[in-house]
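A quick write-up on the structure given underneath.
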């Protein structure tokens, strides 16, 4: 389903995610595993994290969605990633590529481009990462920043929710990719899934900042805000622009 992407639709997706409790398998940056697992759980999804090449195929195939994050990349994780992507694709599962720091390392960029050839459902990247990877016609491309820009074919939108303290807490960008994967598990339209993940994180960040005193307390409050976020909060606080994305 394509259709309009608005507060009502994203609110419905939040309710759907919580009802279904999808499992997201995360091939993830080791620095941020706990933050991502806690964030997914707080929102209502179920994380799994193994990167063992011997078992990742079963985990990826049986999950509802796969997140591939290229942070702290090792030879073993490259092997696990290729195996996991193949298993997810064979099982018809959506998967999200987060090509962390691919603009810094030629080796990582080459691997990111190899994965792009496997046609991820969604790519989530910051401005620097997005500048060095190619757009794909059938993949939703997300560029995160002060405003988050999303595009799929001729459809585009920009989200304006969030808070500067997100950038002061390690792992919130990786969490964004995981939340997007969680919504991709319950929504067939990749653009809507991407918008839901980023909107939920952005609005939760705004709520958390109202109660926090700085980045440390903000990190804790963010988990509470994700857990307490209601569909009505999306109706109240979503800031979305469908023009000039």
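Placement of Cβ uses the backbone N, Cα and C atoms for every residue, glycine included.
Per TrEMBL, the feature substrate binding site maps to 49, 171. Summarising the annotation, TrEMBL assigns ATP binding site to 124, 144.
Here the features listed in TrEMBL are placed on the structure.
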{"residue": "49", "record": "substrate binding site", "contacts (Cβ under 8 Å, 6+ apart)": "25, 26, 28, 33, 37"}
{"residue": "124", "record": "ATP binding site", "contacts (Cβ under 8 Å, 6+ apart)": "96, 97, 98, 142, 144, 176, 177, 180, 194"}
{"residue": "171", "record": "substrate binding site", "contacts (Cβ under 8 Å, 6+ apart)": "29, 31, 32, 35, 36"}
